[in-house]
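Noted in TrEMBL for the protein shown:
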type	residues	note
TRANSMEM	31-50	transmembrane segment
DOMAIN	34-254	domain 'Cation efflux protein transmembrane'
TRANSMEM	62-83	transmembrane segment
TRANSMEM	95-116	transmembrane segment
TRANSMEM	136-154	transmembrane segment
TRANSMEM	200-218	transmembrane segment
TRANSMEM	224-243	transmembrane segment
REGION	370-390	region 'Disordered'
Amino acid sequence: GTIHLFRKSQRSLVGKLTHEFRLVAADRRSWKILLFGAINLICIGFLLMWCSSTNSIALTAYTYLTIFDLFSLVTCLISYWVMMKKPSPVYSFGFERFEVLAVFASTVLAQLGALFILKESAERFLEQPEIHTGRLLVGTFVALFFNLFTMLSIRNKPFAYVSEAASTSWLQEHVADLSRSICGIIPGLSSIFLPRMNPFVLIDIAGALALCITYMLIEINNYFAVDTASAIAIALMTFGTMYPMSVYSGKVLLQTTPPHVIGQLDKLLREVSTLDGVLEVRNEHFWTLGFGTLAGSVHVRIRRDANEQMVLAHVTNRLYTLVSTLTVQIFKDDWIRPTLSSVPIANNILNLSDHHIIPMPSLKAADNLNPVTSTPAKPSSPPPEFSFNTPGKNVSPVILLNTQTRPYGLGFNHGSAPYSSVLNQGFGIPGMGATQGFRTGFTNVPSRYGTNTRGQPQP
């Protein structure tokens, strides 16, 4: 085969992932995350064995929260990897959307796990198995301790941002109402309960409380159906907590404009439109590139005499306070020049500089009576003011021959010419051999009342 010198070897997908993992592992900040990830895998293994021995679906639903913690640790590693990577020609905006995708995938997988628990719980209502409580309480406290220790020890930047930016879940709203009532009695607890609680810590505590109630009811009354009810409650709390985060991260992936910055963007665009030289701001589009990063593009039309660099600097300075990644396209105003003629000229018409078409009234018989007045209609006199047969309706064109180029196009020779020559200069009319005078327009029609020809009285 052909040997290609100096050609880079194509690495497989596993090789690329191994290379990127080594890049992340080289940072000491990721060692702590890797250690917690290893401990998480051990805890998940023990919890799954205890779920099988106790036959408790409520403990299985709570174990899924520990699996979600593993996904959050992987998202934290991706966040560190994004900070190390620089924009490339393929990813010109950087790799920030990878952590958005990781948050979206983690929350969606947690919701799928909750749906699986709901499906299994519906089957258990038909035939409720016996629950063994030997390791139920131990598994509950082990999972609670590890989940809280992981959430409070590692600062997960993507999930911390999403939990604050996304809308509150129904569990947070109910706990907030309860916290206001408690803080009304004990004001010292306002610093702990009044701010919006962390949804992950809240669901861990609520799930552990549901398992403790399950353990107590099974030990006292052997009420095994409470385990299924607790599993449904934990699944609903998981779904309700993860759903707002999935919606928020999904909107970021769809490149939508965040609702909380629309008012600020409108204000900045109004300020930009009032800048000196700016005529119009159009085709604006702003979207969330990553968590806390806003990107946008805008077209700005400016005057022809405006300085492009100066306008670009002012527009960028105004929008950069809110939009970190901005693309501004400046283009000057283009005057629209009207066309000279929009109707095509026939081939039998010569150059416009040699022939000029002037509308002239058509000739009529001298004995025709005016339908409006009793006086005879004379071709030499203008038509009555209110006559319906006014020039402009039935008009025959008159072609004026022009032998030389004249700027005004009326067929007059410019220069020193006698006054009589100007008055007697005639125009050629197609189909008529006579020439017309300048005053009356026709030489073979009477020029005034009571005469047929010049100097001859009318019989």
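For all residues, glycine too, the Cβ spot is worked out from N, Cα and C.
Any TrEMBL annotation is an automated prediction that lacks curation.
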Per Cβ pairs under 8 Å, the stretch of 31-50, 136-154, 224-243 packing most closely against the transmembrane segment (200-218): 136-154
Segment proximity, the transmembrane segment (224-243) to the transmembrane segment (95-116), 3 or more C-beta pairs under 8 Å: yes
Positions on the same chain near the transmembrane segment (62-83), where near means CB under 8 A and six or more residues out: 20, 23-24, 27, 29-30, 33-34, 36-37, 40-41, 43-44, 47-48, 51, 94-96, 98-99, 102-103, 105-106, 109-110, 113-114, 117, 139-140, 143, 146-147, 150-151, 154, 156-159, 200, 203-204, 207-208, 211, 234, 238, 290
Same-chain residues near the transmembrane segment (224-243), Cβ under 8 Å, at least 6 residues beyond its ends: 56-58, 60-62, 64-65, 107-108, 110-111, 113-115, 117-118, 120-121, 124-125, 128-131, 169-172, 199-200, 202-203, 206-207, 210-211, 213-214, 217-218
